[in-house]
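**Student:** Swiss-Prot lists these features:
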type	residues	note
ACT_SITE	Lys95	active site, schiff-base intermediate with DXP
BINDING	Gly156, Ala182, Gly183, Asn204, Thr205	1-deoxy-D-xylulose 5-phosphate binding site
Amino acid sequence: MLTIADKTFSSRLFTGTGKYANSQVMATSIIASGSELVTMALKRVDIDNRDDDILAPLIKAGVNLLPNTSGAKNAKEAIFAAKLAREALGTNWLKLEIHPDPKYLMPDPIETLAAAAELVRQGFIVLPYCHADPVLCKRLEEVGCAAVMPLGAPIGSNKGLASRDFLEIIIDQARVPVIVDAGIGAPSHAAEAMEMGADAVLVNTAIAAAADPIAMGRAFKLAVESGRMAYEAGLAGTINHAIASSPLTAFLDQTA
């Protein structure tokens, strides 16, 4: 079980809502994945309309909603969007995203830290999307973020854990849950993140853009579960030379 702030989750796979062919495929894929926390961009939904094509199936599925501020270019815009979401959806949970560059969608660390501090002060449960920067993640933790969401690779790139070395440091020093977000393009990437000790992963493009999103949702579910199980079991260490799994000398002595 994973606890973040005031909620406990049995699934460590969080999902997004973008890039699906239609809302029915989205909802069915999310259900197949077992995800209990689903993020959605405020700019893509009519948050005042419970019958919205994206919002309605999520409410019906009974998942926890995590509105995000994707599209915000600075702290002021993100804080404004957060207040709208809280009023319309009745949740103080927020995935904080601030990326002023539309080409690479890199999170702005300065604006993110400033917005996070203010949103926490205003009572939000803040989960910030950020660079895999151990110093920044520690600062976000110190201002009161409920978790940190460092990127594995650029959003939608499917390149996996390009920032692995830094993710390992973040996981080692964090005192709040670490959710690897962005760049996870295959179930094996998700399993790798979980084996490292990440508390959860967030996946969107890899499921939504798959030939069979529903089957891919199930595949990610199993990958996250197996990766976490492997981490808890304790992975065998790596070495630079061979060690026989069966003693060879005893066999030779018996045949002499």
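Each Cβ is built from the backbone N, Cα and C atoms, and glycine gets one as well.
Since this is a predicted model, take the numbers as computed values, not measurements.
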**Student:** Give me the non-local Cβ neighbours of Gly183 (1-deoxy-D-xylulose 5-phosphate binding site): same chain, 6+ apart in sequence, Cβ-Cβ under 8 Å, ordered along the sequence.
**Tutor:** Leu151, Gly152, Ala153, Pro154, Ile155, Ser157, Asn158, Lys159, Gly160, Leu161, Ala162, His189
**Student:** Work through the binding-site residues one by one (Ala182, Asn204) and point out the residue whose CB has the fewest other CB atoms within 10 angstroms.
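**Tutor:** So among Ala182, Asn204, the binding-site residues given, the one with the fewest Cβ atoms within 10 Å is Asn204.
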**Student:** Quick one: which residues besides Gly156, Ala182, Gly183, Asn204, Thr205 have a Cβ within 8 Å of the 1-deoxy-D-xylulose 5-phosphate site's Cβ centroid, in sequence order?
**Tutor:** Gly16, Ala153, Pro154, Ile155, Ser157, Asn158, Ile184, Gly185, Val203, Ala206
**Student:** Taking the residues the record says bind 1-deoxy-D-xylulose 5-phosphate (Gly156, Ala182, Gly183, Asn204, Thr205), how far apart in Å are the two Cα atoms that sit farthest from each other?
**Tutor:** 9
**Student:** For the residue listed as 'active site, schiff-base intermediate with DXP', write down the residues of its own chain that are at least 6 apart in sequence and whose Cβ falls under 8 Å from its Cβ; none is a fine answer.
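**Tutor:** Thr39, Leu66, Pro67, Asn68, Thr69, Leu127, Pro128, Tyr129, Met149 - these are the non-local Cβ neighbours of the residue listed as 'active site, schiff-base intermediate with DXP', listed in sequence order.
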**Student:** Measure from the Cβ of Thr205 (1-deoxy-D-xylulose 5-phosphate binding site) and count the other Cβ atoms within 10 Å, all protein chains considered.
**Tutor:** 18
**Student:** Long-range same-chain neighbours of Gly156 (1-deoxy-D-xylulose 5-phosphate binding site), Cβ under 8 Å, sequence gap at least 6?
**Tutor:** Leu105, Ala182, Asn204, Thr205
